[in-house]
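I have placed the structure first, in the form of structure tokens, so that the comments after it can refer back to it.
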Amino acid sequence: MWLAAAAPSLARRLLFLGPPPPPLLLLSRSSRRRRLHSLGLTAMPEKRPFERLPADVSPINYSLCLKPDLLDFTFEGKLEAAAQVRQATNQIVMNCADIDIITASYVPEGDEEIHATGFNYQNEDEKVTLSFPSTLQPGTGTLKIDFVGELNDKMKGFYRSKYTTPSGEVRYAAVTQFEATDARRAFPCWDEPAIKATFDISLVVPKDRVALSNMNVIDRKPYPDDENVVEVKFARTPVMSTYLVAFVVGEYDFVETRSKDGVCVRVYTPVGKAEQGKFALEVAAKTLPFYKDYFNVPYPLPKIDLIAIADFAAGAMENWGLVTYRETALLIDPKNSCSSSRQWVALVVGHELAHQWFGNLVTMEWWTHLWLNEGFASWIEYLCVDHCFPEYDIWTQFVSADYTRAQELDALDNSHPIEVSVGHPSEVDEIFDAISYSKGASVIRMLHDYIGDKDFKRGMNMYLTKFQQKNAATEDLWESLESASGKPIAAMMNTWTKQMGFPLIYVEAEQVEDDRLLKLSQRKFCASGPYVGEDCPQWMVPITISTSEDPNHAKLKILMDKPEMNVVLKNVKPDQWVKLNLGTVGFYRTQYSSAMLESLLPGIRDLSLPPVDRLGLQNDLFSLARAGIISTVEVLKVMEAFVNEPNYTVWSDLSCNLGILSTLLSHTDFYEEIQEFVKDVFSPIGERLGWDPKPGEGHLDALLRGLVLGKLGKAGHKATLEEARRRFKDHVEGKQTLSADLRSPVYLTVLKHGDGTTLDIMLKLHKQADMQEEKNRIERVLGATLSPELIQKVLTFALSEEVRPQDTVSVIGGVAGGSKQGRKAAWKFIKDNWEELYNRYQGGFLISRLIKLSVEGFAVDKMAGEVKAFFESHPAPSAERTIQQCCENILLNAAWLKRDAESIQQYLLQRKASPPQREP
């Protein structure tokens, strides 16, 4: 499943992932913990009591027929499950939620039918116990259940999705989203990933609708009672988990092709938009053979469908053979889609198709191992996109989109290990976060680099072959990779998956004749400052070291398996720099001695450091400043050295960090000064790029232009603002349509510096937009508006029928991230409308995202208490960890402000008095 709310290259800009340190800073670690504890921000919620299903009866095959009613929003179901009774019992316990069972019986093979005499629903645990008047003896038999359910509007289980036909009529499709624990809302089942079975699915649907499921159609016949209805029967699936079952009933067009391995690939789109499925089709057709070759295991189904669903909570879902997507994660309009949207579609397709092997063919044994599914797919999607689109420089983007994002979250006291013990279903949604996905992907990238591609591929093949159609745990993967590489994989990786956090490596150097002696030490990196305490965790850290002699290759690779180490680099001249973590692959931060750092900084200015190393160096320094280990002013000085920077991703990361700093300083009276700094840093690159693409430019130039113009426009750069207004006027009047890549920065600029008329024009453009991507583009920038009345208008719009339910979150989040007054207004709006918002998103991860986006920018201690108090009286169980992380970040922001605001202000004023000389 893919969760990002926006293209990964934009993810950190749009999912502001919050700042650090406190007056906690000078306290010992135990005192800091006490301070957080006094606010109730450290103890994780008590685990709810939970038992997995009993093992006395298990399914072999589900024969399932469903008849959805697309007008009344109900469905009827008939289940005949071939089951194995392992030990004598007079009851069967299954998962069941929001379903009414009408009749149930069990027919032992070769014996008489036994009717169930009671259905005891345990709603809290989402279970039902069927009681039988006599004992069911060991052996096989058939469990028959007739039931009814509701096509809900909660974007989970079997639900309804609203769409508009080309003629303007509103209709509904019936679609599914079962991961993690919602198959039980569509049919009674053993809804645990390790209880696998085969499925024979039939759908009874109006004859003018498309009906799809995991497998290919094998029969389509008129339904006896109604000539307008047909029964569509699908082939039997392989052995699989319930959360991967899917069915869709609606109106769609499609484009199709065959992969070079002969698999039928289709992309289903809204009616009239088949053309917009071609890009994803091309990516999917290249991706399937890439994975088949990489894993050396063929794709096991005869077909794969990718389908765009109008109302969809996640980004996409990897149902085996029928992958569902948000429209914006699948559809590309050659004229109206921007470069970041193409890239996002490529990554999401790569992610979901990787799951067809890693997750679907071999499935985690329990949700504790969810990270294995998601971390792996979040890593290999980049490998796949790099294969399909080498011009994207996607691995550099990985560092900005995933690696640094995971480190921000994992430095908090309220982070969690990659592997989290999960019990009750309500706990599962909590771990669909940047730790499972982005830290998971980052440690797999580090592991791949440590093992080498050849042995890694061999280990993956051993793992997939050994466990196909079965379930596996994290340890099983380590065993296969250890066996393929001969390296201590389990011992090393346990230090990364079973404890939270990551190390800060401190390094100092000494020249000894012709050699460089390095002294390395590791301590846990904390967002709240230096780790103080006796029980410091340790990691087994693969460390690479490069020098200015050959910046792109490691001079030495070591595995640091103790707190301190001395390393000798042979033949390093005194004038050569030395850098740790080549390629920013190791999941750690580095703090250099001041002499080592001084020698590295010219490599930023003259670009002799590779792009990903320039990015890593800047990001480490920024994080050290947030944690109070160095001064923020030092980082601002380093940022000025990026004046010659050509690389999009380096700018993207720099932009994100300046955005975090701007948000922090919006709480001061010198916010305008940081905007001046932003203009100074970004205007040289803005002038070099200009507004219009030049011959020979590519994907990354388009991304960079959008980023830089948006940054300058938002900061109020005069020439950018004037040109944005001119182009916007021409666009609205139909004289000259804005290119898709310029729309976000132009919309943002004119709104930020506009009035009520500008907002009305934007809302009109939103209403007229035929493409969801354009609607989302507008929704995400509406929060830039500054006047209190207009902010209220945007917030009201967020909950209107005009905005799809899953997109309300990004509108409110945009308001919170747009300005100080927006943040206050968004928080008040959430409190005032909590019942409606919570009811809409129930326990899903969208509620966590809403909370995070809305409150994490605050920087006053008392706000942490206010947020905590609100959620104590308005519980949101699946967001408890997120709430604690947000409160911790608010305290850290407040501490950062108290610590560094004065020195930042002095520096910015001093700069203003004697501006730095612009280089020619």
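From the backbone N, Cα and C atoms, a Cβ is placed for every residue, glycine too.
The domain 'Aminopeptidase N-like N-terminal' annotation in TrEMBL covers 59-244.
Here TrEMBL flags 279-496 as domain 'Peptidase M1 membrane alanine aminopeptidase'.
With a cut-off of 8 Å between CB atoms and residues at least 6 apart in sequence, the same chain places Met1, Phe432, Ser436, Tyr437, Gly440 near Glu374 (Zn(2+) binding site), listed in sequence order. The Zn(2+) binding site annotation in TrEMBL covers His351, His355, Glu374.
When other Cβ atoms within 10 Å of the Cβ of Glu352 (active site, proton acceptor) are tallied across all protein chains shown, the result is 29. The active site, proton acceptor annotation in TrEMBL covers Glu352.
Of all the Cβ atoms in the protein chains shown, 27 others lie within 10 Å of the Cβ of Tyr437 (site 'Transition state stabilizer'). Summarising the annotation, TrEMBL assigns site 'Transition state stabilizer' to Tyr437.
The predicted model assigns the domain 'ERAP1-like C-terminal' (577-890) a mean pLDDT of 95. The domain 'ERAP1-like C-terminal' annotation in TrEMBL covers 577-890.
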Look at each of the binding-site residues, His351, His355, and point out the one with the fewest other Cβ atoms around it within 10 Å. His355
